[in-house]
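Enquirer: If you scroll down you'll find the structure; I have some questions about it.
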Amino acid sequence: MGCDRNCGLIAGAVIGAVLAVFGGILMPVGDMLIEKTIKKEVVLEEGTIAFKNWVKTGTNVYRQFWIFDVQNPDEVALNSSKIKVKQRGPYTYRVRYLAKENITQDPEDHTVSFVQPNGAIFEPSLSVGTENDTFTVLNLAVAAAPHIYTNSFVQSVLNSLIKKSKSSMFQRRTLKELLWGYKDPFLSLVPYPISTTVGVFYPYNNTVDGVYKVFNGKDNISNVAIIESYKGKRNLSYWPSYCDMINGTDAASFPPFVEKSRILRFFSSDICRSIYAVFGSDVDLKGIPVYRFVLPAKAFASPLQNPDNHCFCTEKIISNNCTSYGVLDIGKCKEGKPVYISLPHFLHASPDVSEPIEGLNPNEEEHRTYLDVEPITGFTLQFAKRLQVNILVKPAKKIEALKHLKRNYIVPILWLNETGTIGDEKAEMFRSQVTGKIKLLGLVEMVLLGLGVVMFVAFMISYCACRSKNGK
């Protein structure tokens, strides 16, 4: 009887040990299965989850605009006073709703090329007004004229055309005109062929961004979605040194198995450069654990603060000998127009940049850019891209509309917030197909391991107790 009991206890201990060992074996095997599945599904080729969502995003992407309405235009033009602005918005458009086109796989170098069509649909229900709302804003053509044409004689000719068209330093424009373009009265009088349509984002609708060429990850999953080359209308070659290099992805996804220590690099054609984000915090997004990566202040720092930015300082006067920070001159990839990009309300910019402007209230929470990335797949499930478009205006003695200015202004025109969040249906699918299976496998592993250990310990204790009793 005692022998049978001992055999039963030993058998129970063995079963427990087997369960524990099986649970321990299942953990690396399960991890291998997960890794194999993820590596298969994130490749950018027909039939994968990544490819389906990459061709056409299943997320509604919106671009909100806030316009800086100038309150004292005459005072500024005549006395070179501080510019008082009042932001108005949001005015919301749906964007990125069109599928990628001209998708071409290259099996030799494991890349896929494409263009991204541009389109914007106004969303009245998500806006504070209509596209016909009017604003007092900087006259884009007048402000740009002395930058593009530096010759004094040419400026004198342009001045006569500016006066003849009754143009001035500031103008009244509707939202639709300011964003998407209008026939400028001054440029319409120029006697030689030039584009007479002006707009902050002109041309946009019915245009394409690209050609992009990205690695599809077929041969090396660690470079999936990373941009191999970009050939667009925007000229990037003016950056000296490595600044014209295109690093990273387009931010829609990153190579899988993202760690918090990784720096996520991505290219944005809006600012004509590559930039990066660093880990900020853990976030629960509709039941999906994601890592929030944020654009650091260091990315827009001066070369004194961040030596890596030395080649983005292309002139010495406006930048105060490269000591100013928080703004990026992208004029040379905007056909010479004096366009500067910054974070909204000059967040993280040096005091000298915002000093001539009143009415700005930079706020980290509202004005920072971030990406919420699911770390296993590398998919971006939520993002907020926030940028401000500014125009540099300088005194110009030969142009009457600008001759009373006594200082340089980097004038904020508008700021935008482009956002996208995974929908409820897509989130449910993601939970069931990715995170749910991973959690279930992990739970099974832990249960088997834990149960095995408990059974082994319990039966061994009982066996030892039994042996001790029998010995007495």
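Every residue gets a Cβ built from N, Cα and C, even glycine.
The transmembrane segment annotation in TrEMBL covers 7-29, 440-466. According to TrEMBL, the disulfide bond annotation covers Cys243-Cys311, Cys272-Cys333, Cys313-Cys322. Annotation comment: TrEMBL describes Tyr463 as site 'Critical for TLR4-TLR6 dimerization and signaling'. Under the heading ubiquitin cross-link, TrEMBL lists Lys469, Lys472.
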Enquirer: Within 10 Å of the Cβ of Cys272 (disulfide bond), how many other Cβ atoms can you find? Include all protein chains, please.
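Expert: Around Cys272 (disulfide bond), other Cβ atoms within 10 Å: 23.
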Enquirer: Which has the fewest other Cβ atoms within 10 Å: Cys322, Cys333, the disulfide-bonded residues listed?
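Expert: Across Cys322, Cys333, these disulfide-bonded residues, the one with fewest Cβ atoms within 10 Å is Cys322.
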Enquirer: What are the sequence-distant neighbours of Cys313 (disulfide bond), meaning same chain, six or more residues apart, C-beta distance under 8 angstroms?
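Expert: For Cys313 (disulfide bond), the qualifying residues are Ser302, Pro303, Ser319, Cys322.
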Enquirer: Tell me, how many other CB atoms lie within 10 A of the CB of Cys311 (disulfide bond), whichever protein chain they belong to?
Expert: 13
Enquirer: Distance check, please: Cα of Cys272 (disulfide bond) against Cα of Cys311 (disulfide bond), rounded to an integer number of angstrom.
Expert: 14
Enquirer: Looking only at C-alpha atoms, tell me how far Cys311 (disulfide bond) is from Cys333 (disulfide bond), rounded to the nearest Å.
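Expert: Cys311 (disulfide bond) and Cys333 (disulfide bond) have their Cα atoms 15 Å apart.
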